[in-house]
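Taking it in order: structure first as structure tokens, then the write-up.
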Amino acid sequence: MSFRVVRSSKFRHVYGSGLKREQCYDNIRVSKSSWDSTFCAVNPKFVAIIVESAGGGAFIVLPLNKVGRIPPDYPLVGGHKGPVLDIAWCPHNDNVIASGSEDCLVKVWQINDHGLSRTLTESVVDLQYHQRRVGLVLWHPTALNILLTAGSDNKVVIWNVGTGEPLVEIDCHPDLVYSACWNWDGSQLVTTCRDKKLRIINPRTGEITEEAVSHEGSKGTRAIFLRNGLIFTTGFSKMSERQYSLRAPDNLEEPIVMVELDTSNGVMFPLYDPDTNLVFLCGKGDSVIRYFEITAEPPFVHYINTFQTPDPQRGIGMMPKRGCDVNSCEISRFFRLNNSGLCQVITMTVPRKSELFQEDLYPDTTGDVPALTAEEWIGGKDADPLLISLKEGYQSSTKKELKVSKKANILDKRHTGKPSPVGGGGGGSGASEPAHDDFDDLSLAQTVSTLKMIEDMQDEIRKLKAIVVKHEKRIRVLEAVKPATDGEAEHAPPPPVSEPPPQILVTPNNNTHTSEEMAPDEV
């Protein structure tokens, strides 16, 4: 007699369920770009989706409670001159989002808590360095305002968004960069490239520490760092079969696990939950979501289940753990984009009978408070993310507006020679810095938009005044014409005596009115 031993795991019975259509987001014109991107980014406040837009690129930002059918004229974020290729929410500020586009620009936007009331075209800061389209934007997991971008010019650039300046240019890729991912504390970077190689890079110096062939296929590959330091990759074999592998950073040449899945041709995006060590594989054009658990026991990557849907997906976004519902034992939530314009919400749940907080399902997770400043990180300091407990529910920390303090341009002489606004006298030409440097780009953009609204209102008032003046002139003309007409009637010659005036017989009628009492439209 043989006994089958079942692996013990609390995630063995995880199941997925889609919400009803009225609880999802409908009538969204999802982008038809052929770029391999997820087209969706989610945080506990908003869901952002790249959409089709005439005359440039745009994406829509919806508050999570804005469910149902979205109006066709809903405001967009539309400041790019080319199609938007990738978007990413800042992990330390739920109101800040970065976008990369075919116009070679990276823009950082500030979204109000209540969402958009009008189309947003003024960004907080524009990051201009790439010479070709920017297809990847990625925020640092622990340092504030550190952003990574990768473009079709085969360059990876790391920015300090707080100053709008590039810190590091990584120019070690001979071809297009497919993906990039930070490790747990942001001290290393893993990238995949069209030359089929997987690289581990020091992000501060741009030096390659490890390099190996990831997958032998020529189609798109993806790689992510796991919390324990291992690297999980997806790609294609020589026969165009989809694969996934697990590798150790110090021995990239020999994968720990290499498994072939199927023969579909869609690029697989690995979405990772570091709290549960679950990896969700979502392929572009697939109608399924496969999920695996990674453990220290062979075969290390354990297949759990597959969530099946009837229609293929065009993009997908994953909610951070602090946005999940702990009362229903929800461990993940996905926002799945269909070709029909529906953004379907899918929840992954662990079945539990108890309604109490499940500490084994919800260990302390990454919060929204940065562990480092940008200056500390570029100075060589590393730190793990600051963790928070979800037992009492997630409470967003108090956020300030993103402020950008760019260095003064020596060619800008608009403020040269003006006295300082503080300390009225003196009148010296260089007593202190100009007042313009005290304002950040966000306040400047708000001031410009406010001035534009005031100008529009003044134009309307001027138009109304012109109409009033025109009517007053017309009334004066009519008043001048009326006495002249009455005078002509008084001085008219009498009729000849030989011909008596005709007599008009008036029949009395209660319904008749005099000409003075008749309305203008009565006959």
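Please read every residue number as a count from 1 along the shown chain.
Just so you know, glycine gets a Cβ as well, placed from its N, Cα and C.
Here is what TrEMBL says about this protein:
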type	residues	note
DOMAIN	4-68	domain 'DUF1899'
REPEAT	77-119	repeat 'WD'
REPEAT	127-169	repeat 'WD'
COMPBIAS	405-414	compositional bias 'Basic and acidic residues'
REGION	405-438	region 'Disordered'
REGION	480-523	region 'Disordered'
COMPBIAS	492-503	compositional bias 'Pro residues'
When the repeat 'WD' (127-169) is classified with DSSP, how many of its residues are helical, how many are strand and how many are coil?
0 helix, 25 strand, 18 coil
How many of the residues that make up the domain 'DUF1899' (4-68) does DSSP mark as helix, as strand and as coil?
3 helix, 24 strand, 38 coil
By DSSP, what is the split of the repeat 'WD' (77-119) into helix, strand and coil residues?
0 helix, 22 strand, 21 coil
